[in-house]
């Protein structure tokens, strides 16, 4: 019950991480014009209104010819408009003089798919397009900051309190995002939402591993990611049903409400209580565990750990009263060449796994076909990949599972480049295979890192790897935007990061 209650909220982390794929969509658009339109011309097709033109729009290089009720004829491009100086005949081609104007009257957007997005709400196009492209990277930057801050707070104040705060924060900030009044308040609130979402995901992973027994720890920790994947599937479903961005955001945030109402019942982990020397509280939790599991003779904390006090044989202080226990830092991960090489390799795996995971996820809506189905399938393919990862780790070991799937993901990136763009189904299947392979590698690296380092620097190693993971997630949206330069550049970035790891 504790496991499923805590990992349920991981689903909301998946929701908020990928919400922008539909919320920040840029639809087709042209400059607005001053006046009422009487007729519209697009190539050889004449229409009564601009809404009828969007079904024929194929390229950003297209323009629309519109005639106003006062007889003026305008050419409408995406980031400029031109007024024809001579002639009142409505024709698509025109060789005469034109007066070029900026889009001072706003923009006209294609609302056939989305009634409203944050792009259409605040006109994040043309010279403001870069603001739209910063929405996902700034969110991922919040993910990085949140992982660092709340991971440290959870060690100081306990896992339970941080889970309470971050789960409530996801609901509050998620609803607040829908009611932001301008772009900058939107980005700030989304940054705070990213911090609490990341904080919850990091602490929840630690929480379940500290509660679950060693025999089931691999499966339990891996399937935290499976609930994150369910969140991606929810984004696809809600995006298909709701086409107004702020209503869409509210529906996504409501998914966190059940956990917010019951998270106060989750207990603190006995391991953290023992580390803080709160032995009576730890004993209470153990007694509750025994009662739920129908154990008639619950164990005693005093039997699990011996509390040694005033024992000369265990004195850890030096003659001047200062503690001789060494405080470890990031440099201990580079204490010799062997450990340094291991650290660099692990960091590259974290970075590559995160980069590949988010590039495949974020770019799924641009593959052609039904973008909602594409994202749903990209999320669904993760569910079997974690089962395969668990079986592989148990049968083949961590290393022999990690390396083949990383190589496979790189090969799939190369394969996709040779698939003709007309073969949409084949491209989608290949992207699903790429997401599957990188999902296996990305999922197991958490446990693998923890097992590669001694206890004294284990948390430091996992934390530093997680930092590299967040760096990869910040870079990933920019890699997706490289599609505008060359459609395969996002895949090239994954391929070369994989090559760097193997080197």
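In case you wondered, yes, glycine gets a Cβ from its N, Cα and C as well.
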TrEMBL annotation (transmembrane segment) - matching range among 94-114, 220-240, 283-303: 220-240
318-335, 372-389 - the one TrEMBL records as transmembrane segment: 372-389
Winner by Cβ pairs under 8 Å against the transmembrane segment (372-389), considering only 187-208, 220-240, 246-267, 344-360: 220-240
Contact call for the transmembrane segment (220-240) against the transmembrane segment (344-360), three or more Cβ pairs under 8 Å: no
Considering the transmembrane segment (130-150), which listed stretch of 187-208, 246-267, 344-360, 425-450 counts the most C-beta pairs under 8 Å: 187-208
Tertiary contacts of the transmembrane segment (246-267) (same chain, 6+ residues out, Cβ under 8 Å): 2, 5-6, 8-9, 11-12, 15-16, 19, 22-23, 116, 160, 163-164, 167-168, 170-171, 174-175, 177-179, 231, 234-235, 238-239, 285, 288
Across the domain 'Major facilitator superfamily (MFS) profile' (55-503), average pLDDT on the 0 to 100 scale: 80
